[in-house]
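What follows is a single structure, written as structure tokens, with notes after it.
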Amino acid sequence: MHIVPLRIALAQINVTVGDLDGNAEKIWTAMREAHQAGAHIVCTPELALTGYPPEDLLLKPGFVSANLRRLQWLIERSQELPGLTAVIGYVDRDEDIYNAAAVIGDGRLYGIYHKHYLPNYGVFDEYRYFQAGRAAPLFLINGVHVGITICEDIWYPTGPLTLQAHAGAEVIININGSPYHAGKRHFREQMLATRAADNGLIVAYLNLVGGQDELVFDGGSMVFNEQGRLIARAKQFEEDLLVVDLDVASVFRSRLHDPRRRQERLELRPEEVPVIVVSSEITPPPTLDGCPLLGTGQRIEPALERLAEIYAALVLGTRDYVRKTGFSKAIVGLSGGIDSSLTAVIAADALGPENVLGVSMPSAYSSEGSKTDARQLAENLGIQLITVPIEEIFRTSLRVMAPALGEGDHGLAAENLQARIRGNILMTISNKLGPIVLTTGNKSEMATGYSTLYGDMAGGFAVLKDVPKTLVYELSRYRNSLGERPVIPQAVLEKAPSAELRPGQKDTDSLPPYELLDPILQAYAEEDRSFEEMVAMGFDPALVERVMQLVDRSEYKRRQAPPGVKITPRAFGRDRRLPITNRYRDRPGA
Ligand SMILES: Nc1ncnc2c1ncn2[C@@H]1O[C@H](COP(=O)(O)OP(=O)(O)OC[C@H]2O[C@@H]([n+]3cccc(C(=O)O)c3)[C@H](O)[C@@H]2O)[C@@H](O)[C@H]1O
Ligand SMILES: Nc1ncnc2c1ncn2[C@@H]1O[C@H](COP(=O)(O)OP(=O)(O)OP(=O)(O)O)[C@@H](O)[C@H]1O
Ligand SMILES: NC(=O)CC[C@H](N)C(=O)O
């Protein structure tokens, strides 16, 4: 009879792909803190030891061996933490490799779980690397039957969790590397609550936190009781150690009241779910009095609302890309427009204003407002601003190239030359002073090709690459609402978007208004809707055709763009893989 709670610690840590020593140290620190908090079990995220996703590092046998050596180190050190069982995400190996979780403690490796369901869609490529697991063992820990699963496993209603539940699991630990996109938290919560209630067990869901190239892992680890009720939630977008006392007695009681699983249990083949005994003896957890973790222990952290969540994802994704690739500072071309303003604000929030350098590069076509607004923004943010006028370089470049370009108006070539001069200036400052260049193009521009190759596309990281222009405005207003006074000048929010590459130029000269454009882009580039469907949705057929053409034509440009933070279900990165050389056109009668 279980009357003693099981204390579990969910170590929501920010590890770095390939930093095997750093990750092992971080896991070890989490193990020590969990032990100090009196936890019976501490869990770490999916592939915590290697970082997630390790991609083609997994094709290097030396990398796999090095990860196994770090696991061995953790097993040996676990002797120093008696009574604590740790679940460690790592890469296992026999004649193949597996996305695995080791269950370790008291200097021993008790058992291993291999991920069953390998995601191979969207941004995931796990069939490229891993063999799927088959066994679904249960671990008896402190007298409680605990099943381990890894990320995708729990998204299937009939996955290994069902086997473990039928075999008597009272608690399921699901360790994750689940990337963020707006709206996903709600979907996860519904799915996890359903799994917990349908199987009559406690689900402890631990997610990774941190940025990795284009992905952001949002943390927000959660625990659901056997009724499907949320009983604990960790912070989003931050490291956290969530310590939760699980009322396992309540699982047993509810099974007597709701005996559906009895029938299904009869169909179970016991060899499918071996039970590995870690500790059958029940040791009550200590009271948390006097424990430094008391203030940060069991709790339901409030969930962030939509814009706060997206903004936090952009900040974390930018910070981790910049820092984990070895930079400490960033540089942004400030045009006085909304895109470069929001990019600079995100950079300042991510890295600290002292680490962001703004550069104003006025030309003959720059309005007075573009200069004063850039200055005002820099002042509001507390970032350094330098001015490098481009007029002279522009004129000299055209003069020097005259033999090649000929006489007259050079049109678009001259417009793009200005963007390229600016790109060159930023990259030269980056070479000399070391900051990474943040590009400012938004998703609407990326989709339509409204940006200059080797011009405003030149840089290391594209902060707004997955943020449609209409959302750029929403996020700017949201960020302005946070402080005592707005950081982005009102004039920036109100002026008509313009590339200022020729006199009086407006974005709407080349593109439909963003309020019309963005929903069509979502339907076409994110949802792959057909021409007919979009017309049936009420969009103007001529406009739909034009937008489709712009998107189709600019695939080559996107392929050369820097990476940026994914915040939608379908970003222009690993999520969307279209051929560049491609004659298919989805048009009426195609
Ligand atoms: N399939 C393909 N594969 C590889 N390369 C390909 C290609 N097709 C063209 N190209 C190359 O790409 C070049 C055309 O691309 P690119 O040089 O970028 O120039 P392009 O796309 O022609 O022009 C840039 C557009 O972006 C607008 N813009 C620029 C800067 C900032 C903003 C803003 O508001 O943020 C807007 C600008 O007003 C203009 O409409 C061609 O000359 C050719 O060299
Ligand atoms: N005068 C300028 N000074 C500094 N940087 C500039 C200037 N003009 C353009 N840039 C850089 O080139 C990027 C492309 O800007 P552009 O003005 O062409 O259109 P945009 O996409 O509407 O951006 P924004 O809203 O920031 O103006 C800018 O975001 C900025 O980083
Ligand atoms: N790492 C994984 O298995 C992730 C897949 C999962 N469906 C998610 O995005 O949450």
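Using N, Cα and C of the backbone, Cβ positions are placed for all residues, glycine too.
Those TrEMBL annotations? Automatic predictions, nothing curated.
Small disclaimer: the values here were computed from a predicted structure and weren't measured.
The Cβ of Glu46 (active site, proton acceptor) has 25 other Cβ atoms within 10 Å, all protein chains considered. The active site, proton acceptor annotation in TrEMBL covers Glu46.
The Cβ neighbour count for Lys115 (active site, for glutaminase activity), using a 10 Å radius and every protein chain shown, is 27. DSSP assigns Lys115 (active site, for glutaminase activity) to coil in the three-state reduction, placing it in neither a helix nor a strand. The annotation active site, for glutaminase activity is assigned in TrEMBL to Lys115.
Sequence-distant contacts (6 or more apart, same chain, Cβ under 8 Å) of Cys151 (active site, nucleophile) comprise Glu46, Lys115, Pro119, Asn174, Ile175, Asn176, Gly177, Ser178. Taken from TrEMBL, the feature active site, nucleophile applies to Cys151.
Look at TrEMBL and you will find Tyr121, Ser178, Lys184 tagged as L-glutamine binding site. According to its DSSP assignment, Lys184 (L-glutamine binding site) is helical. The number of other CB atoms found within 10 A of the CB of Lys184 (L-glutamine binding site), across every protein chain shown, is 15.
The annotation ATP binding site is assigned in TrEMBL to Gly333, Leu334, Ser335, Gly336, Gly337, Ile338, Asp339, Ser340, Thr440. Annotation note: Thr440 (ATP binding site) sits in a coil segment as assigned by DSSP. Note: Thr440 (ATP binding site) has non-local neighbours Val332, Gly333, Ser335, Gly337, Asp339, Ser340, Thr343, Asp456, Ala462, Val463, Leu464, i.e. same-chain residues 6+ apart with C-beta under 8 A of its own C-beta.
The deamido-NAD(+) binding site annotation in TrEMBL covers Asn416, Glu445, Lys557. Around the Cβ of Lys557 (deamido-NAD(+) binding site), the number of neighbouring Cβ atoms within 10 Å comes to 20. DSSP assigns Lys557 (deamido-NAD(+) binding site) to a helical segment in the three-state reduction.
Per TrEMBL, compositional bias 'Basic and acidic residues' is recorded for 572-590. For the compositional bias 'Basic and acidic residues' (572-590), the DSSP-based tally of helix, strand and coil residues reads 0 helix, 0 strand, 19 coil.
Residues or ranges marked as domain 'CN hydrolase' by TrEMBL: 6-248.
Nonlocal intrachain contacts for the region 'Disordered' (558-590), taken as residues 6+ away from its ends with a CB within less than 8 angstroms of a stretch CB, comprise 122-123, 125, 179-184, 211, 213-216, 310, 313-314, 317-318, 321, 439, 441, 443, 446-447, 453, 457, 459-467, 525-527, 530-532, 545, 548, 552. Per TrEMBL, region 'Disordered' is recorded for 558-590.
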Return the members of Glu46, Lys184, Gly333, Ser335, Gly337, Asp339 (the recorded positions) with CB less than 6 angstroms from at least one atom of ligand 2, or none. Gly333, Ser335, Gly337, Asp339
Select the most exposed residue of Gly333, Gly337, where exposure means the fewest other Cβ atoms within 10 Å, treating these as the binding-site residues. Gly337
Just name the most isolated of the binding-site residues Ser178, Ser335, Asn416, going by other Cβ atoms within 10 Å of its Cβ. Asn416
Specify the count of other C-beta atoms within 10 Å of the C-beta of Tyr121 (L-glutamine binding site). 9
Cα-Cα distance linking Lys184 (L-glutamine binding site) and Glu445 (deamido-NAD(+) binding site), given in Å to the nearest integer: 25
Distance between Tyr121 (L-glutamine binding site) and Asn416 (deamido-NAD(+) binding site) at the Cα atoms, whole Å? 37
Specify all same-chain residues, apart from the site residues Gly333, Leu334, Ser335, Gly336, Gly337, Ile338, Asp339, Ser340, Thr440, whose Cβ lies within 8 angstroms of the center of the Cβ atoms of the ATP site, ordered by sequence. Val332, Ser341, Thr343, Ala344, Ala374
